[in-house]
């Protein structure tokens, strides 16, 4: 992969860039994860969001186990080239491994993080074992 | 600052967490920057977005020079505790140092990043010298 558009991304010292997934219909921010060069190239090429899992240290096609793929409608880069925003259509309406629509389900209130969003699906049923 | 809610954030090895600013009215993602413990505490305390500038290596009150403060309507943490989303009201309607509404003004098209958003204000007039 030698495409110059990939070189315009300012990869961090680990070769990663943060990628924000925003629901194309509702505008809700669903999650933020990381992409390496291969993940971003595959995302652009296939139209399905790929990330790099820092914990599992490998390429991660979002929804590969749960089936909750993210279809990418638009891909943007910021002024500094060090952050990506994707407009996506989230299969199943659930982006979070906790079974919620969005990973951002905790709101700051009176000096603490309070869970304010409901679990839509039991996470135990989300993944194959 | 010993508040436990700050301890729930999973700070990276540099003591930072990525923070996404979303326009509370339009839903547009305006920018992504970084916060350290002090910046997040000040953001929560004052209701005005504070970041940590990695290039200048110091606390950065957004709009301190341009006057384009970000008033925080809501602050959320994600499932892993390693990303923040803020709903903000952007003074002046310009978040980007290039004079654009959003820092995400380049869209991926046919194998390249294309500038698709207009400059609303000459950046030379944004900052005091």
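Including glycine, each Cβ sits where the backbone N, Cα and C put it.
Marked as domain 'Phosphoribosyl-AMP cyclohydrolase' by TrEMBL: A:31-105.
The Mg(2+) binding site annotation in TrEMBL covers A:78, A:80, A:82. Residue A:78 (Mg(2+) binding site) carries neither a helix nor a strand DSSP state and counts as coil. Long-range C-beta contacts of residue A:78 (Mg(2+) binding site), restricted to its own chain and to partners at least six residues apart, with a cutoff below 8 Å, comprise A:84, A:85.
The Zn(2+) binding site annotation in TrEMBL covers A:79, A:96, A:103. In the three-state DSSP classification, residue A:96 (Zn(2+) binding site) falls within coil.
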Using all protein chains in view, find how many other C-beta atoms are within 10 Å of the C-beta of residue A:79 (Zn(2+) binding site). 17
With the fewest other Cβ atoms within 10 Å, the residue among the binding-site residues A:80, A:82 is A:80
Which residues in the same chain, at least 6 apart in sequence, have a Cβ under 8 Å from the Cβ of residue A:103 (Zn(2+) binding site)? A:30, A:31, A:32, A:95, A:96
In this predicted model, the domain 'Phosphoribosyl-AMP cyclohydrolase' (A:31-105) has a mean pLDDT of 97
